[in-house]
Amino acid sequence: TQFILLGLSDEGVLQSLLFWLFLSMYLVTFTGNLLIILAILTDSRLHTPMYFFLSNLSFSDICFTSTTIPKMLLNIQTQSKVITYEGCLSQMYFFMLFGVFDNFLLAVMAYDRFVAICHPLHYMVIMNPKFCGILLLGSWLLSVLNCLLHDLMILQLSFCTELEILHFFCDLRQVIQLACSDTFLNDLAMYLTSGLLGVVPLIGIFSSYSRIVTSILRISSVKGKYKAFSTCGSHLSVVSLFYGTGLGVYLSSAASQNSRASAIASVMYTVVTPMLNPFIYGLRNRDIKQALRKLFSR
């Protein structure tokens, strides 16, 4: 009926430090991404495909962190490490949902930049509202189906007495490892979907940027090259941060048998990356900065 989330540390002093650290990061993440959304909604100049996808990325980042951090903070505050079976399934579902959706959204944003730079005269024709809606809906549907598959397969597993999860949230891999029934199909589904949903969008991003770089190199003036590249600089930074931290966590967990070390490493992509995204777009993007000034002046 329940699992035990062991968290990042058992030490009382460190628990208090972790509470205030994660609370601060959560508030910064929530506030920063909310400001990005409000700035885009209130400024008519930002009602373009690029900022439409950016607002969805900010919304997804808010939801992504909200699936794990509030429960962790509550457990530290109440000195309880318990999460119900239903709560664990729900947390896994929404954590995977928004994580996979972020993955697809970054690929869609790369395609948007490809069209804007390589086909500027046809940009508004290709990236029309209907097509943008289809891209967004497709990303949501694929994310939902992936998460449903894993949750339904978890329901088929039996769990015995070993119910301690060495993490601060219900991690799919660790939950599968706790099962005392055969997990071959679960492992197979996890590796197949992780490979497909991780590699295919990444190939799309590489393909888009290879064509973008080729187009930029054809521009004769240095100013033109800088202007073209600056439109995708923020997105490249977010992509590097997202995939870089994800790959770092995967390699650290593969190299180390210590699950708690892997949990600490996962903080980078579960907390730090969503927190930095608003700063990357806010500080590097002139339109966003102007929209934020207008928002605060109101």
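Placed from the backbone N, Cα and C atoms, the Cβ positions cover glycine too.
Annotations in TrEMBL come from automatic prediction, not curation.
Database features (TrEMBL):
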TRANSMEM  17-41  transmembrane segment
DOMAIN    32-281  domain 'G-protein coupled receptors family 1 profile'
TRANSMEM  53-73  transmembrane segment
TRANSMEM  93-111  transmembrane segment
TRANSMEM  131-149  transmembrane segment
TRANSMEM  188-207  transmembrane segment
TRANSMEM  228-251  transmembrane segment
TRANSMEM  263-283  transmembrane segment
Give the mean pLDDT for the domain 'G-protein coupled receptors family 1 profile' (32-281) on the 0 to 100 scale.
88
Count the CB pairs under 8 A between the transmembrane segment (263-283) and each of 93-111, 131-149, 188-207, 228-251, then give me the winner.
228-251
If you count every Cβ pair below 8 Å, which range out of 17-41, 93-111, 188-207 shares the most with the transmembrane segment (228-251)?
93-111
Give the nonlocal contacts of the transmembrane segment (93-111) in its own chain as ranges (CB under 8 Å, at least six residues past its ends).
50, 53-54, 56-57, 60-61, 63-64, 67-68, 135-136, 138-140, 142-144, 146-148, 150-151, 169-170, 172, 197-198, 201-202, 204-205, 208-209, 232, 235, 238-239, 242
